[in-house]
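Asks: Please find one structure pasted underneath; my questions will follow.
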Amino acid sequence: MLPTYVRLFTAVCALATTASAVVPIEVKGKDFVNSKTGDRFQILGVDYQPGGSSGFTKDKDPLSDPDACLRDAALMQRLGVNTIRIYNLSPSLNHDECASIFNAAGIYMILDVNSPLYGGYLDRTDPESTYNDVYFKQVFGVIEAFKNFPNTLAFFAGNEVINEQSVKNVPTYVRAIQRDMKDYIAKNLDRSIPVGYSAADIRPILMDTLNYFMCADDANSQSDFFGLNSYSWCGNSSYTKSGYDVLTKDFADASIPVFFSEYGCNEVQPRYFSEVQALYGQEMTQSFSGGLVYEYTQEENDYGLVQINDNGTVTLLVDYDNLMAQYSKLDMSRIQASNTTQTSAKPPKCESSLITNSTFTDSFDLPKRPSKVQTMIDKGLSDANTGKLVEVKNTDIKQKIYNANGEEITGIKLSILASGESNTPGAHSSGSTSGSSSSGGSSSSSSDKESAAGTISVPFVGLLSAASFMAFFML
């Protein structure tokens, strides 16, 4: 019979497959922070919508195919990202395996609650007609589906709803949706999950949009964060030529986290992603909390980092390699350092004087909540398909992976991270091409290894590293 300490150590290792790889992220002032360590969290991410909006149906979404999720999570882990954004989700589908896979990979999820299907979005030309209980079954359904995953970072209440085609009162409806989502979360969730808005880069109204959603009111309808879809840096531009210096100045006084919810101009190809060094540099990190590159998969609009082939195999494009190279240059210790000045930022009070453009509403009178929506909030969604964290049993991907030259890359697999650890560039770079040397596993710096030793959640002994746990029972 095996000694007790060996059996217990084996049990701890088994638990590692279901242990929470990440800890929830919170908003403090203008920063995202790790809820356990207090370290600042900077988004290094990609937008993830394989097939685009046309590939989404009520029976299939980006987080409903575990084999595809395992493949993509391993490739994203290798790339160095710590966050993905998903635009369209079907609440009725089972997302447990996919969400758990990304959790194990140390990758957070920012989720849009809308869908392009009938009843799943706010009509920007007639918002009153779609602000109803049918719409909120979609919204609250997404919240229910992902509320139990520690890697659910945030929810987007809207994406570019305010544009040239929208009517003037649309912002009041978006704030009302945020109010309703935050009330549902407060009433029906065990933790607070941030809610925010993703804006188009329309410069004449950009600061009005920020101020409108950032300011505080009695209804608790303000955004917890602000996303910006911006493509002003093209090719080997610069901090000043791209206008990034202007954006940095404009958002310097923001009281909530601001990040690029989309970036990566494709006018010059392949993309160099030289803006990564500016975005995570000394100047911009005072105003921005990182960003999400548009986008992971190659679609008709030609923004992809990878090409998913018809047989499920994947070809890594030059853009993938270029982005990975840019990520590898980042000083993560500086990027993640906490700043008490930023975490203590307070929002302004909502007043009409915050709005300067006459085309943008200065009214903060929100539409009344429909009675059926109030019932959903009070009692919870009656037919909720509530998700749960599950064991990640397999880390080997089934599909073949090819580099930009068409050579097969072997040995790519998912690394299940230690409890409390999120993915960082260069820490999990599995895979090698024929004739090249590679361990096929993960490589870490000394500081990464210290972090990876981490802790494993063991219900009856608290938080102990696996090595410490074994050593304890060897005494």
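The backbone N, Cα and C atoms fix where each Cβ goes, glycine too.
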Asks: For Cys350, which disulfide partner does Swiss-Prot record out of Cys215, Cys234, Cys265?
Replies: Cys215
Asks: Nearest to Glu262 (active site, nucleophile) by Cα, among Cys98, Asn159, Cys215 (recorded positions)?
Replies: Asn159
Asks: Near Cys265 (disulfide bond), which residues of its own chain have a C-beta under 8 A away, given they sit six or more steps off in sequence?
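Replies: Within the chain, Cys265 (disulfide bond) has Cβ neighbours under 8 Å at Tyr231, Ser232, Trp233, Cys234, Gly235, Arg271.
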Asks: Take the Cβ of Cys98 (disulfide bond) and count every other Cβ within 10 Å, whichever protein chain it belongs to.
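Replies: Step by step: centre on the Cβ of Cys98 (disulfide bond), count other Cβ atoms within 10 Å, giving 26.
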Asks: If you take the centroid of the Cβ atoms of Tyr87, Asn159, Tyr294, the listed (1,3-beta-D-glucosyl)n 1 site, which other residues of that chain have their Cβ within 8 Å of it?
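Replies: Here the nearby residues are Asp47, Gln49, Arg85, Asp112, Ser198, Asn229, Ser261, Glu262, Glu295.
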Asks: Given the recorded positions Cys69, Glu160, Asn236, find the one whose Cα is closest in space to the Cα of Asn357 (N-linked glycosylation site).
Replies: Glu160
Asks: What's the longest C-alpha separation between any two of Tyr87, Asn159, Tyr294, the listed (1,3-beta-D-glucosyl)n 1-binding residues, in angstrom?
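Replies: That value is 14 Å for the farthest Cα pair.
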